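Step one of this worksheet: look at the structure below.
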Amino acid sequence: MPASPLVWINGLHMTEQRPIAVLGGGSFGTAVANLLAENGHQVRQWMRDPEQAEAIRVNRENPRYLKGIKILPGVTAVTDLQETLDACELCFVALPSSALRTVLAAHAERLSGKMLVSLTKGIEAQTFKLMSQILEEIAPQARIGVLSGPNLAREIAEHALTATVVASEDEELCKAVQAALHGRTFRVYASADRFGVELGGALKNVYAIIAGMAVALEMGENTKSMLITRALAEMTRFAVNQGANPMTFLGLAGVGDLIVTCSSPKSRNYQVGFALGQGLSLDEAVSRLGEVAEGVNTLKVLKAKAQEVGVYMPLVAGLHAILFEGRTLEQVIGLLMRAEPKTDVDFISTSGFN
């Protein structure tokens, strides 16, 4: 049975349901919109392209993303952002990191007091701000959260058993999201570490590119395991430097998201890496994908930030050297393997069993 269509807002279950907004017409936004509709909610999925919206209304399928997935009747594709924001209290923001600020800044006054939950796993290039931090800057009176985890959009849409994390210091927002999304195939856990959960989701995209390259080059299971494990160490080291809780990275939004993104051909960033491993240029790999691969943009800003704050991230530096500095894969592998080994796990005692 679908969940009750009651929404938990301001600490109370409301008897009159308001529609829920999903901002963005991509694959993940579409999957979340369908989840909400399956749970009995009326959903307004906003997108900029009128042709895309019309195709969804007529054919009940997103023509660009998630082909073959029928969009439920409870989802209405719309193009009027002002009207959508005025009608909805709970808004899931699934806009590309490069567009989020531009799209929402013009409607800042309408965001005050609303629950804004970012679904975007990216970092703004100019400021190194995460998406929830941009939302906070645009709408300081809004209630902010993030949703992140091992969540491949097509698998969610096909009802594979899936779990995710909603993170916010606002406990009532977490309850509202859990009430709206939790269903027979989708489980929602809560966390107060918004920064750690969101940073995990953004950073792992870089390592998915590396993992895709390794698979294309048939590097073997030992290599793939090493890459994923050392990626987790790098991510955690950087996140703790920035103020996150290292324990967050042992959960769904850390190691969980990293594993699925680095091991699944359905991952967009993995696909880019695989194409690179096959010999395509970066431009060719991104063009073949036809969708946004946040890891490419994240790599640039993460490399610069790691240097600025003095965090050791050899995998990030190595991938950056291949994609943007003209180094060959063989050169980078040689440098990585000759580097002095550090301790295996940070944040635990290195002095024996004390």
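In case you wondered, yes, glycine gets a Cβ from its N, Cα and C as well.
Keep in mind it's a predicted model, so treat the numbers as computed, not measured.
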According to Swiss-Prot, LYS121, GLY149, ASP257, SER267, ARG268, ASN269 bind sn-glycerol 3-phosphate; which one of LYS67, LYS70, LYS204 is listed for that same site?
-> LYS204
Spatial separation of ASP257 (sn-glycerol 3-phosphate binding site) from LYS204 (active site, proton acceptor) - C-alpha basis, Å = 7
Max Cα-Cα distance in Å among LYS121, GLY149, LYS204, ASP257, SER267, ARG268, ASN269, the residues listed as binding sn-glycerol 3-phosphate?
-> 15
Ten-angstrom check, please: count other Cβ atoms within 10 Å of the Cβ of ARG48 (NADPH binding site), all chains counted.
-> 14
Of SER27, SER267, ASN269, which of the binding-site residues has the most Cβ neighbours inside 10 Å?
-> ASN269
